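Peer 1: Checked Swiss-Prot, it gives:
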- 1-21: signal peptide (SIGNAL)
- Ser30: active site, nucleophile (ACT_SITE)
- Asp177: active site (ACT_SITE)
- His180: active site (ACT_SITE)
Amino acid sequence: MRALLLSGCLALVLLTQQAAAQTLLVVGDSISAALGLDTSQGWVALLQKRLADEGYDYRVVNASISGDTSAGGLARLPALLAEEKPALVVIELGGNDGLRGMAPAQLQQNLASMAQKARAEGAKVLLLGIQLPPNYGPRYIEAFSRVYGAVAAQEKTALVPFFLEGVGGVQGMMQADGIHPALAAQPRLLENVWPTLKPLL
């Protein structure tokens, strides 16, 4: 009888621990979807391992889709929030907006709306900033790069100013297409995010 009681208590503790796990939702594009790599090799998978190794009870949901834009992320977000109920939302979008020459003002509006929707559901928000290559022209690049800081200030979200710091344009860090981070870059991407993400946990 005592053994059964102890077994029941242990099961209750385990169930309670499982129920306590919070969700971290990543909404991104091909960079976070680890295009060209196995998803288990991407920075988001490395983040899940880092959280476990450091004792953070989080379940990471990677809702990143290759080719996605800020408009696509905004359209998908309400259903993701309802289904996953995240405590923290990481937004990594805008690169495809820039590559398509979309208006920075529209990008800013979309990202701000995503942050507002996430915060309305009680989630903290971390925005990962993207910069464009120099061939897009200084005026467009400057307007684009200002978007992320403006959204972070307006919506009071955490910000990584340049997610691809030490990766973009660096020899050996990019795949052959020159756009997507290589396997060697994935740990660096995690390190770019971690110092800003950790205080939000």
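Just so it is clear, glycine is given a Cβ too, placed from its N, Cα and C backbone atoms.
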Peer 1: At the level of the C-alpha atoms, what whole-angstrom distance separates His180 (active site) and Ser30 (active site, nucleophile)?
Peer 2: 8
Peer 1: In whole Å, how far does the CA atom of Asp177 (active site) lie from that of the residue listed as 'active site, nucleophile'?
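Peer 2: Between the Cα atoms of Asp177 (active site) and the residue listed as 'active site, nucleophile', the distance comes to 13 Å.
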Peer 1: Measuring CB to CB from the residue listed as 'active site, nucleophile', give everything in the same chain under 8 Å that is also at least six residues away in sequence.
Peer 2: Ser64, Ser66, Gly67, Asp68, His180
Peer 1: DSSP three-state call for Asp177 (active site): helix, strand or coil?
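Peer 2: Going by the DSSP assignment, Asp177 (active site) belongs to neither helix nor strand, so it counts as coil.
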Peer 1: With every protein chain in view, what's the tally of Cβ atoms within 10 Å of the Cβ of Asp177 (active site), excluding that atom itself?
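Peer 2: For Asp177 (active site), the count of other Cβ atoms within 10 Å is 8.
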